Amino acid sequence: MRSDIIKDGYTRTPHRSLLRATGLKDDDFKKPFIGVANSFIEIIPGHFFLNKYSEILKDEIRKNGCVPFEFNTIGVDDGIAMGHEGMLYSLPSREIIANSVETVMNAHALDALVCIPNCDKIVPGMLMGALRVNVPTIFVSGGPMAAGVGAKGEALDLNSAFEAVGAYETKQIDEKELKFIECNACPSGGSCSGMFTANSMNTLCEAMGVALEGNGTVLALTSEREELIRKAARRICEIALDERYQIRNIINEKTIKNAMVVDMAMGGSSNTILHMLAISREAGYPLDIASLNDISRSVPHITKIAPSLPSVHMQDVAKAGGLSAVINEIAKFNSDLLSLDALTVSGESLGDRVKNAEILDESVIHTVQNAYSKVGGLAILFGNLAEQGCVIKAAGIIGSRQFSGKAVCFNSQDEAIKGISKGKVQKGDVVVLRYEGPKGGPGMQEMLSPTSLIVGRGLGADVALITDGRFSGATRGLSIGHVSPEAAEGGMIGLLKDGDIIDIDVDKFSINVRLSDTEIEARRKEWKYAGKPVNSRWLRQYQKLVTNASNGAILEA
């Protein structure tokens, strides 16, 4: 056992003495030690109940002959951190979480790992840390939140609350209606109910085989989710000492592609691109961002979920057959798109896991013959405005997939929010929101507030937004993020001026500004960037080490 290094032999007398202080007895030193990486935190709706889930998990682990040791990571709620300087800390928290998992697991030589994430950066952070440790690992999330119910019986979610702000400002709703949405959009614990970043990443864990079936869709705070927790506990005890289930044997080149195929089929959050670029590097199989368009061209988009389709949420996907039904439908269309022989932590191949799954509601999970689009729900655009690429959630486009308009430039998210609220942005404009990339922010803030204001003010089909920052998974509309190179490193987005004409063609995967090479070079010579004052020591460290979005915004020392 890996843990023998801390518990076996006479030289480990002091180590065992310390472990006995935690309650261990003689027999416990013969058992596998299981790390339980929890992310319990009271301020996040998807996490305030995870302490109860970890108790269920640990109890089941003990019953099955292993010794659990729980530790916690930090967490940031992106919705609560949104629209103020707290969002500067969201993406950097991913690195802290990854480092925490690596540190605890390796410092104490634990044999296996169960991760209990749920929201936003916690899932990819734990994946990155687990890949560094490389022991048998199972992910079991807290589960999605149920959708809220509106005054007319319509589905509500967190995005409804953000867009309600713009609707209130333009007097489309009154204060009473605004308060009703506030009080009903998030009715229970769980990761926000649509195909936002958290549920996208939990779904991809299932697609990669590092989580059990149902991980992405079974609702939080249900008996079904509790049983999934117990199953994960029993299974980790079965595989704790089996090298076949080391996480790098589960997450590899084949299963990373499987994840991206599922991502395209379901129109996941654009943040999944950023995180999968980082995760693939930790796994030793770095994704080429340009290659993702090859997947997008091949995979039909068969499932639209909020925010792309506000009436459909994760609970509906669960009832319609779950992720297995989505994967099986894609496999029947073209089995070559997926590595169906890939091993999952349950011991079966991905193909065996999904082969009997059926679509139970074709209004939620479409057949390939009735796909929303013949191409995937995410796209990488290239051109003179983004030589290293940028990302759009094509599934969330409200209007045309082609757009040309005049640039309206803002040098920060705060500037953009004020400008949009004051009516500076009109139909036909392209909002340029820059100096918000990984280095420029620093921290690559999410731009849900500006995009929600645009949609809430009725401009969602008539205005595009491009940024070197990123978007919440709740974002919809013609919103293009992760522009690389970013403005702070001299990227073209930093050279744009008000009135420049920008051409976007999602079907051609292109984004360009109508400027000659001579004009671009002249502007580049004039460009100067002094940088923003950064008071936080941690954010200064992050700014110094972080790479741009085309590399997954990973840290390089």
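Sequential numbering from 1, following the chain as shown.
Backbone N, Cα and C define each Cβ position, glycine as well.
D120 (Mg(2+) binding site) is surrounded by 32 other CB atoms, counting those within 10 A of its CB over all protein chains shown. Per Swiss-Prot, Mg(2+) binding site is recorded for D78, D120, K121, E446, and the stated evidence type is sequence analysis.
Classification of C192 ([2Fe-2S] cluster binding site) by DSSP places it in coil, neither helical nor stranded. The [2Fe-2S] cluster binding site annotation in Swiss-Prot covers C119, C192.
Annotation note: K121 (Mg(2+) binding site) sits in a coil segment as assigned by DSSP. Close to K121 (Mg(2+) binding site) in the fold, though at least 6 residues off in sequence, lie G75, V76, D78, S90, L91, S93, R94, I97, each with a CB less than 8 Å from its CB. The N6-carboxylysine feature in Swiss-Prot is assigned to K121; the stated evidence is sequence analysis.
According to Swiss-Prot, the active site, proton acceptor annotation covers S472, on the basis of sequence analysis. Within 10 Å of the C-beta atom of S472 (active site, proton acceptor) sit 29 other C-beta atoms, taking all shown protein chains into account.
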Check your understanding: Tell me, by DSSP, whether S472 (active site, proton acceptor) is helix, strand or coil?
Key -> coil
Check your understanding: In angstrom units, rounded to an integer, how far apart are the Cα atoms of E446 (Mg(2+) binding site) and S472 (active site, proton acceptor)?
Key -> 5
**Study point:** Shell list (Mg(2+); ref centroid = CB of D78, D120, K121, E446; cutoff 8 A)
**Key:** V76, D77, A81, M87, S90, L91, C119, T197, N271, S472
**Study point:** Three-state secondary structure, D78 (Mg(2+) binding site) (per DSSP)
**Key:** helix
Check your understanding: For the binding-site residues C119, C192, which one has the sparsest Cβ surroundings, going by other Cβ atoms within 10 Å?
Key -> C119
